[in-house]
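Structure, as C-alpha cells:
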2 protein chains.
Amino acid sequence: MPVRLDAQDPRFAKGFEGLLHAKRETSEDVQALVAGVIDDVRKRGDAALIDYTARWDRQTLTPVTLRISQEEVDAAVGKCSEELLRALDTAAERIESFHRLQVPETTDYRDAQGVRLGARWTAVGAAGLYVPGGTASYPSSVLMNALPARVAGVERIVMVVPTPDGAINPLVLAAAKRCGITEIYRIGGAQAVAALAYGTATIAPVDKIVGPGNAFVAAAKRLVYGTVGIDSIAGPSEILVVADNRNDPAWIAMDLLSQAEHDTSAQSILITDDPAFADAVATAVDRHLETLPRAAIAGESWREHGAIIVVRDLLAESPALIDRLAPEHLELAVEDPDALAAKVRNAGAIFLGRYTPEAIGDYVAGPNHVLPTARSARFSSGLNVLDFMKRTTFVACDAESVAAIGPAAVTLARSEGLDAHALSVALRLPGGGQG
Amino acid sequence: MPVRLDAQDPRFAKGFEGLLHAKRETSEDVQALVAGVIDDVRKRGDAALIDYTARWDRQTLTPVTLRISQEEVDAAVGKCSEELLRALDTAAERIESFHRLQVPETTDYRDAQGVRLGARWTAVGAAGLYVPGGTASYPSSVLMNALPARVAGVERIVMVVPTPDGAINPLVLAAAKRCGITEIYRIGGAQAVAALAYGTATIAPVDKIVGPGNAFVAAAKRLVYGTVGIDSIAGPSEILVVADNRNDPAWIAMDLLSQAEHDTSAQSILITDDPAFADAVATAVDRHLETLPRAAIAGESWREHGAIIVVRDLLAESPALIDRLAPEHLELAVEDPDALAAKVRNAGAIFLGRYTPEAIGDYVAGPNHVLPTARSARFSSGLNVLDFMKRTTFVACDAESVAAIGPAAVTLARSEGLDAHALSVALRLPGGGQG
C-alpha cells in the first residue's frame, strides 16, 4: 500500500523525511565494464562498434551499414499511419514554438566609463542524441531532445539508436526525419556514447550528448563528461498532484498512474485537504489498475513508492512540502492554481488547473518533458535551448577607458601577488608600467 | 622552449593536434580518501569537521567557533587599506552591473489554441561558496562567485574558507562582507564540501556549491553532485592571444605571462601573422621573466605548455584554430577585432583590441572570470546569474484547449504503449474516456 501521512500527526515530520530520502533506484555498478568499452572504442573505433553490436544487438554491420540510410528512414515513415504522423507533427510544431521563445539575445553596450561590454550566444557545433532501443524507444523523446538543439541552431545533430535483432520503432525514425536529423547510426550502449564523444573513422565526434538511456548509457555519459557536455542523468520519474475535493477522483487517480506506469521505481504522490477525497482517489487507483495494460508496473510503483499526504490547508501547508520534494512534475488541481504556484520555488514543470493532466506536457503542450528528477529541481531546469548554446562574454577598452578602470585592477592584482596581471594592465595606462 | 608551429609547415596538423591533446594536469586519485571524509561528515557532523580541521589546519574549534563571527570580519576589514577597499568596491559595482543584465524574465502567454504557457525563473534556495585558503585565497574570486548568486536573489549564501594555522586573507573577509555574506565557516577541504551538501547540526545544507579548490575539493564536488548542484570543475587556466605586428611585443608578452603566472600547468598561446613579431614577443617574455616575482611558475608554464603559432592570414586562418582550441580567454589584439570575433564560435571570454588585456577581466571589467577551461567552451559558459536560478515551465489548459490539443497526445501515448497517459488526457476530453 502507498504511504499515508497526515500533517496533523506528531509522527508526520519523520514520515515525510522517510519519503524524501527513500531510495527508489538500485544502481548497478557497471562503471568498470563501461570504462573498458569506452577505451576499446577509442582504440579500435568502428571495429569495436561493429563487434559490440554483433554481440549485444545480434546485428552484423560494416562501417557503411552502421548508418541508417535515408531510404530506410523513408520506408519506416511510410509504415506510420497518417493519424500518427499528424499527431507527431502537431507535437513538433508546438514544441518548436515554445522553445523558440527561449533563444537568448546578444547584449552589447558601452558603460559610463566608456568600456564596451556584452555577451553573445552561440550554438554548440555538434550534438549527439541517444535514443534507447526496444520498448523504451519513444518518438516523443526524439522530439523533446532534438528540437531544442534545432532551435538553438546546432548545425550537426547525430542520432544513435540500437536496433536489437534489427528491430526499430518506425515512428522514432519519422520523428528524426521531422526534426531534420539525417545522420543516424544503429548503435547503442556505452559504445555509442564513446563513438559520439571521441569519434571513429565513420562517426565524427560531437560536443554535447543528450538523451535517456539505461545504466550503461548513464555510466558512459558520466565518464565522457568533460570531453563533451552531457545533459543531466535522469532518475526515475515523479509526479506530485495537489488536489482539493472538487476534482473527479478518477481523473486524479489516472494522473497518478500515468507516472506510475513508466517504471516500478517511479513515484506518485497526492497532497489533498480532504481525507475522504484521499480515500476516493485510492479506491479509483485500485479500480483503474484492474484494466490498465501496464497494471503490473503501475501497481508496483504505487504500492512501493506512492504516497498520500493529508493537510488541513492546501495553500498554507503544501508549498513547504512541495519545495522539499522538489518534484519533477507538479499538478495543481485546485480552484486557484496560480495562487499556489506563486508560493512554490522548486518544481521541474507545473500543470495548472483541473484540465491540465501531466501527460499533456509529455507530448503536445510545448514545454520540454526532459525534467529534473530526484529533487534536483532545487538547482536545475528542464532541457531547453540554452542547453545547446553557450555564452561568450566580451570586453573592449580603449586608452581612455582602460585608464579609468585599470588602476583598481592593478591594485587588486598586486594584493593577490599576481604581478604579471598588474603589469599587463599597468603597461597600458598613461605612463605605462610606472603606474 | 614553447612549441613553435608554422601553419605552412606540412607537419602543422600533427603539431596542432599534439597541442590540443597535450595533458597538462596530473590528476591525483584522491576519490577513495574523499569518499571516506564525506561519509564521516554525514555520520558525525560537526565532530568530524572539528577533527579534520584540527588534523589538517591545526585549529582547535568548537561548534560555536566553526563560524567566523561578525566581529572577526569587521576586524579584518579594518586591517585593509582604504585604497584596497575602494578597488574592491569598484570591482564589485562593475561586476554587479554586468550581471544584473543577465536576470531572465518570466514568459506567460496564451497561444492560438487557448493554451496558457510560460516559464518562470526562481533562485536556488541556498548556495555555498568554497574559497581556498593560503596563497590561492583570492578576494576577486569571492566577488566573482558570490555576486551572481546575490544578483540571482539567492536568499542564503554560505562561505567556507580554511584557515590553516589561523591564517586568513583579510581582504577575502572584506569581499565577503561587500557581497553581504554573513554566514562564514573556517573549514575547508572535502569536509567543508560534505558539510555544505549534507548539513551538520551547525551548518544547514545548501542546494548548490560553487568555487575553486584543490584536488580534494574537486573530487568532493564530483561526489556530492546530484545531492546538490555544482559549478564546473575548473582545470588549469588558458589564454590565446591573436596579435598582429602592430602591437608592442612587451605588452603581448606580459599578457601571455599573466596567464602563465597562475600555475605551472597554465597555458599561453600566441597566434600571429609575422614571424619577426613572434620572435620579438618570445624575446620580451624572456626579458620580463628576469624580473617577474613569480618567474619560476610563469617560466615553467611558458616553457612546458606555451606555444607560438604563425599563420599567413589572421582573419582567414585563426578562427578555425581558435574554435578547436576553444580557449578560456581569447585576446584579439588586431586592427578589427570585431571582424575576427564574429568568425569565432568557441571561447569563454573575448578581450577586444590592443587596450584590453585579459587581466582587466579578472578584476574589474564586469563579466565573470570563472570561465570554461580545457576546451569546454565548446559546450559551456562562464559562471553567470542563471547558474543560481532554475526555470520552471508551466501549462494551463481549460476544457476547450485540452479538447483542441488533447487528441494528438492520446494518439502518441497509445502508440508508445502508455495507456494511463492516454486515458488521463482522454478523461478530460468531451465524451471523457471514450475518446
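For all residues, glycine too, the Cβ spot is worked out from N, Cα and C.
TrEMBL labels come from automatic prediction, so no person has curated them.
Per TrEMBL, the features are:
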ACT_SITE  B:Glu328  active site, proton acceptor
ACT_SITE  B:His329  active site, proton acceptor
BINDING   B:Tyr130, B:Gln191, B:Asn214  NAD(+) binding site
BINDING   B:Ser237, B:Gln259, B:His262, B:His329, B:Asp362, B:Glu416, B:His421  substrate binding site
BINDING   B:Gln259, B:His262, B:Asp362, B:His421  Zn(2+) binding site
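Overlay of TrEMBL annotations on the structure.
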residue: B:Tyr130; record: NAD(+) binding site; DSSP class: strand
residue: B:Gln191; record: NAD(+) binding site; DSSP class: helix
residue: B:Asn214; record: NAD(+) binding site; DSSP class: coil
residue: B:Ser237; record: substrate binding site; DSSP class: coil
residue: B:Gln259; record: substrate binding site; DSSP class: helix
residue: B:Glu328; record: active site, proton acceptor; DSSP class: coil
residue: B:Glu416; record: substrate binding site; DSSP class: coil
residue: B:His421; record: substrate binding site; DSSP class: helix
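Counting only same-chain residues six or more apart in sequence, the Cβ atoms lying under 8 angstroms from the Cβ of B:Tyr130 (NAD(+) binding site) belong to B:Val160, B:Val161, B:Gly188, B:Ala192, B:Val193, B:Leu196, B:Ile209, B:Val210, B:Gly211, B:Pro212, B:Gly213, B:Val217, B:Lys221. Of all the Cβ atoms in the protein chains shown, 33 others lie within 10 Å of the Cβ of B:Gln259 (substrate binding site). B:Glu328 (active site, proton acceptor) and B:Ser237 (substrate binding site) have their C-alpha atoms 7 Å apart, to the nearest angstrom. Of the listed binding-site residues B:Gln191, B:Asn214, B:Ser237, the Cβ environment within 10 Å is emptiest of other Cβ atoms at B:Asn214. For chain A, the nearby recorded positions by a Cβ gap under 8 A, listed in sequence order, are B:Glu416, drawn from B:Asn214, B:Glu328, B:Glu416.
If you draw a 10 Å sphere around the CB of B:Glu416 (substrate binding site), it holds 21 other CB atoms from the protein chains shown. Neighbour density for B:His262 (substrate binding site): within 10 A of its CB lie 23 other CB atoms from the protein chains shown.
Taking all protein chains in view, 29 other C-beta atoms sit within 10 angstroms of the C-beta of B:Glu328 (active site, proton acceptor). Listed in sequence order, the recorded positions from B:Gln191, B:Asn214, B:His329 having a Cα within 10 Å of the Cα of B:Gln259 (substrate binding site) are B:His329. Here the C-alpha separation of B:His421 (substrate binding site) and B:Gln191 (NAD(+) binding site) works out to 45 Å. For the recorded positions listed here (B:His329, B:His421), the lowest count of other CB atoms within 10 A around the CB belongs to B:His329. Between the two most distant C-alpha atoms of the annotated NAD(+) binders (B:Tyr130, B:Gln191, B:Asn214) there are 13 Å.
B:Ser237 (substrate binding site) sits 14 Å from B:Asn214 (NAD(+) binding site), counting Cα to Cα. Note on B:Asp362 (substrate binding site): other Cβ atoms within 10 Å of its Cβ, all shown chains, come to 28. On a Cα basis, B:His329 (active site, proton acceptor) lies 10 Å away from B:Asp362 (substrate binding site).
Close to the recorded NAD(+) site, the chain also has B:Pro132, B:Val160, B:Pro162, B:Gly188, B:Gly189, B:Ala190, B:Ala192, B:Val193, B:Gly213, B:Phe216, B:Val217, B:Ala220: residues not among B:Tyr130, B:Gln191, B:Asn214 whose Cβ is within 8 Å of the site's Cβ mean position. Separating the Cα atoms of B:Asn214 (NAD(+) binding site) and B:His262 (substrate binding site) is a whole-number distance of 14 Å.
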